[in-house]
Amino acid sequence: MAEEQGRGRHGPDPAPRPQKPPVEVLASSSGAEGPPLMRKRSSKREKGLRGSRKGPSSSGEQTPMQGPEAPGSSKNPSRTREGQEGPIPSASGLAPRRQSHRHRPGPQHDAAQRMYGPLLNRIFGKDRELGPEELDELQAAFEEFDTDHDGYIGYRDLGECMRTLGYMPTEMELIEVSQHVKMRMGGRVDFEEFVEMMGPKLREETAHMLGLRELRIAFREFDRDRDGRITVAELREAAPALLGEPLVGPELEEMLQEVDLNGDGTVDFNEFVMMLSRH
């Protein structure tokens, strides 16, 4: 009766709810892992794996260091390029040699220089005498600016006269020439003094700057019979005077064969020009 009054006073007791023991209790109370425990641990392991698979794309964590990749791997483009360009340095190393070989004078050019070099130096070098055609050219230019026909031209006309001959003096060169003429020549020059001034400029021409006229003059020095071809006999005859020393038979034939491009045993004017213009 007292118990019923107590229940009525406090209300009916709620039905007891089944409670799950905590994981620690299950782990300590059972000697073996039950199915619920295994499922819970399995889900934790899967979570960890999913988190590790997300990597830096979902979090700001740094990517773990990786081992060295293969040279052809696409993940390392710089190494891929190096791997692809590996043989290129050897090829580029050969390029300068091929280029220098192309521009290096060959034996034919050396033979032509030995054969024609002394001749060109004697005819067109700095120590040579001016030829009749060059003197005529200087005379024509001088007379053009000798307007009063007294045999002199003034220093003011020297620059224009030099340009008529094909030279383009700088302002400093004109000042030096004008001062020299004014101080030592009374402000004007005659033809002989004009030749002394212009002669060195004409003598500075080299073999690769020669025109067709000069090349034909040089060719005629060797072509004694004027048949348009230089033979071994003509070379032997011209060698002492033009080359400064006689040449023996084997040396003459060897030089002629190196310069003879078409193999006919002689050197024509075209072969002569090609040998002198080759660098």
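Backbone N, Cα and C define each Cβ position, glycine as well.
Listed features, source Swiss-Prot:
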REGION    1-114  region 'Disordered'
COMPBIAS  1-12  compositional bias 'Basic and acidic residues'
MOD_RES   SER42  phosphoserine
BINDING   ASP146, ASP148, ASP150, TYR152, ASP157  Ca(2+) 1 binding site
DOMAIN    187-204  domain 'EF-hand 2'
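By neighbour count, meaning other C-beta atoms within 10 Å, the densest spot among the binding-site residues ASP148, ASP150, ASP157 is ASP157.
Listed in sequence order, the residues PHE145, THR147, HIS149, GLY151, ILE153, GLY154, ARG188 complete the 8 Å Cβ shell around the Ca(2+) 1 site centroid, once ASP146, ASP148, ASP150, TYR152, ASP157 themselves are left out.
Averaged across the domain 'EF-hand 2' (187-204), the predicted model reaches a pLDDT of 81. Counting every protein chain shown, the number of other Cβ atoms lying within 10 Å of the Cβ of ASP146 (Ca(2+) 1 binding site) is 19. Counting Cβ atoms from all protein chains shown, TYR152 (Ca(2+) 1 binding site) has 19 others lying within 10 Å of its own Cβ. DSSP assigns TYR152 (Ca(2+) 1 binding site) to coil, not to a helix or a strand.
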